[in-house]
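Report on the following structure.
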Amino acid sequence: MPVTSFQVNCTLPPTEVNYVSSANVRGTLNILWSSLSIIALCTWSIQHLNVPIQSRPQTKRQKIGQKVLHFERKVRWMLINAIIPEIALAKAASDLAAAKSVTPEFTSLAERDRVDWTLAHSFFADMGGFAIRFPDNSQKTEEEWKEENDKEGEAAAVGDELVNVRNRFHSHHNRSDEENQLQQTVSINSSMVGHISLQKLSGEKNLTTSHKNSGLSDSDNSHIDGEAGQAEAKTESNNDQKSEYQHIKIRYTSSGVAVNVTNMPEHLQYLVFDKMSGVGAGLDAYESLIKGLQPWIGQVDWNIDCENRKTVISALESVTSVTFEHHKIGWFYNVLPLQGNVWVPDASQLLLARKQGIIDSLPSLPTERLDDLSKAGTLLKLITLAQIVWLIVQLIVRKTENLTTMPLEISVLAFAAISLVTYVTLWNKPQDIQTCFYTTAVRRPSQAEVDSIGLLGPRAIGLTRSHPWIPSNCFEMKSHAGRMFMAGLITAAITFGGLHCLAWNSHFPTPIERLLWRISSIYITVSIFFSTSIGALLVGLRRISKRFGELGSGAIFSAHEVIYSSFLFLTMLGYILCRLFMTVEIFRSLFLSPPDAFIDTNWPSFLPHLT
């Protein structure tokens, strides 16, 4: 089909005049740029991103790098909002529910601590706006802790390690001839885990310790010596009694941190040690990430705290195959940041830390100060609202005058509607704040406290939690907040898809394209509702089955989960295909429009707007 164009010619006034009205026509580019400007404003101004990584840039390159990082984050979320606009409203509903649920308790504690606290403060806490700093004078350096953990020194080979262990046993104990007939073997697996097995010829059990180039830790040595001493005492009292040794399996992270994985489930070991298991996975991932960022954005305000890391490792070591459930994966990613000298909790975690006494007072941030920090996006919101009002008025006028409305304009209306509802939902939430406010911890947490704080943390959707601050892809999914997330997602899908149905009788290049548009609009409207409803039903049935028997863990529900996963995959695939078709169609129909689509309306042009 040949490309055609039409050039509009307007008559100029014969003499100098005071006012010239706009032409009563609009061009293709007028429609395109005004529509894209509204989509861009909606997807940009709707962002209420979390507080970013805190750093102190020193050089010009680092200052530029910090600004580029912040800008890239906004552009990325702008594209996400354009591709999946339903997520913005779903997250807004979840954030509002989570903030409201903790505000009454915060208000009560704030009166006791004599600090300000409002709903905006709860929002700000969930954004990672309040951090807990642990004092430096109460922690050891990483090098000191490693020396304490691996005091045997530099063992260059497995043979050296074997000699060290043998000499240690001989120097501490006078062993009988029978005991000196211990068979010593060494094996190293592909995961950098070494096993030095000392097996008594007449015994039935093994004592397994770990090998690493840097040597064994003091705690491991004392444990080995203690077990060996007990075995020797039994041999001296009764030579016919068999020696009993406890199995201990140690794995080392890439930075040389020892972790007892004797009882740890394999899936959790995969997360702790394997960096390929996901963004942010691995005990050393945050430290490596920060070291890579610092040359570009400056000194990051987060370092490994050796005492906190010990507590986190103890919490990880306490997880067994019996206690490991699906929710522990989210717990793992929330526990990892607690290794640092700075904690960035969400509102629920901050509240628990205050109740546990890790901090003796809530952070002090006056309400006026918080309001001032959040006024940066007010002008942009006003411009966006003006554009949305102009669009709505124009569409109403075109309908009353029986003028053709483009599918592109209907699609823009759907984006605008999602933005308006999101604005109202997040009315009290601070926006575009780049600064974190600190409070000082009065003591260090116990293992049980780390475990409970990790359970209360947010869940990451998509990529895993990738740095110690709370990324913007973390959602509040606890109880009521999780239900509100699903409700917001369904509401957004029905709104977004339903508004596209307004183009039911609009002009399309071919009848088949009109039919596909109708099918796609209906599919987008109902697909998320049905998929979430079936998922909720399956979860409910599983909970009921756990109360009345073991059916929940049987083959029936496993089959149901496989079927639902397949259904969810096909549903999302259909959603993606429908969105792709509609995205292509709105631009195709723009360039194949009837003549009356280019007739401009009169009085809406008087409203301030961008073209």
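Cβ coordinates are placed from backbone N, Cα and C, and glycine is handled just like the others.
A quick note: this is a predicted structure, and the numbers were derived from the prediction, not measured.
For reference, TrEMBL has these:
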| type | residues | note |
| --- | --- | --- |
| REGION | 201-242 | region 'Disordered' |
| COMPBIAS | 205-219 | compositional bias 'Polar residues' |
| COMPBIAS | 233-242 | compositional bias 'Basic and acidic residues' |
| TRANSMEM | 409-427 | transmembrane segment |
| TRANSMEM | 485-505 | transmembrane segment |
| TRANSMEM | 517-541 | transmembrane segment |
| TRANSMEM | 562-582 | transmembrane segment |
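Where the transmembrane segment (517-541) meets the stretches 409-427, 485-505, 562-582, the count of C-beta pairs under 8 angstroms peaks at 485-505. Distant neighbours of the transmembrane segment (562-582): 83, 407, 411, 500, 516-517, 519-521, 523-524, 527-528, 530-531, 534-535, 538; these residues of the same chain sit at least 6 beyond its ends, with a Cβ under 8 Å from one of its Cβ atoms. Tertiary proximity for the transmembrane segment (485-505) is limited to same-chain residues at least six positions away from its ends with a CB under 8 Å from its CB atoms, namely 85-94, 97, 405, 407, 410-411, 413-415, 417-418, 421, 425, 475-477, 517-518, 520-529, 532, 536, 582.
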